[in-house]
Amino acid sequence: MKSGERQKATTEREGTRGLRTAGSKKQQGNKKKQVRSIKQLLAVNTKVGTSRGIRLWCIQMHIGSGGFGDVYRVIDERSTKSPQQEYAMKTEIHGAHQRRLTIEKSILKEIDAYTTANSKTRHFCELIDSGQTADYSVNFAWIVMTLIGPSLDSVRRMLNKQFSKPCVINMAVQILEVSGKIFFFKI
Ligand SMILES: Nc1ncnc2c1ncn2[C@@H]1O[C@H](COP(=O)(O)OP(=O)(O)OP(=O)(O)O)[C@@H](O)[C@H]1O
């Protein structure tokens, strides 16, 4: 992340009030989840933004967590659009894996530049905003991107592990298309 982008975040909450500890008893059942339980999630209505940013992101809900970050549904509190457009914010607590979000951000930027220049169908999330905050007891870096639907895995579970044949073919075509693009980007 460039130094100019390392702006101090503005928040409407102070101290650690915007944070809550992640993990229920069930979540603490295995080793991976035990690691997650000591991390903290941002509470609903927490505001995150940069001092020079036009947008102020308001946390709506925690969508899920990956190996190195948490993902939230957010809206831009300063937007006058109605209905409010929803986005996804991925956060990363500063630590051993910090560079993963930086790498993800540069990949999204590169893809953005390509898709804008070539007006190609999107298969990737658009990078909307990014920043870093030190306003809470834990520092975290964040990116805001297009909000997409639930993962294929959760849809599969919702459908009792049954996809129709046309659906499978449609998914296969899209996966091949996106694989071709990833190859093009040499990611
Ligand atoms: N742009 C997005 N819109 C909606 N949900 C998202 C978005 N990005 C990620 N998610 C969801 O957030 C959760 C965590 O995603 P994340 O990308 O952090 O980890 P992952 O892909 O599951 O694993 P890994 O850490 O190995 O990349 C997943 O349930 C994913 O479906």
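Residue positions begin at 1 at the first shown residue.
Even glycines carry a Cβ here, placed using N, Cα and C.
Unlike curated entries, TrEMBL annotations are predicted automatically.
As recorded in TrEMBL:
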type: BINDING; residues: LYS90; note: ATP binding site
type: COMPBIAS; residues: 1-17; note: compositional bias 'Basic and acidic residues'
type: COMPBIAS; residues: 18-27; note: compositional bias 'Low complexity'
type: DOMAIN; residues: 57-187; note: domain 'Protein kinase'
type: REGION; residues: 1-35; note: region 'Disordered'
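A strand conformation is recorded for the residue listed as 'ATP binding site' in the three-state DSSP classification. Across the domain 'Protein kinase' (57-187), DSSP classifies residues as 48 helix, 38 strand, 45 coil.
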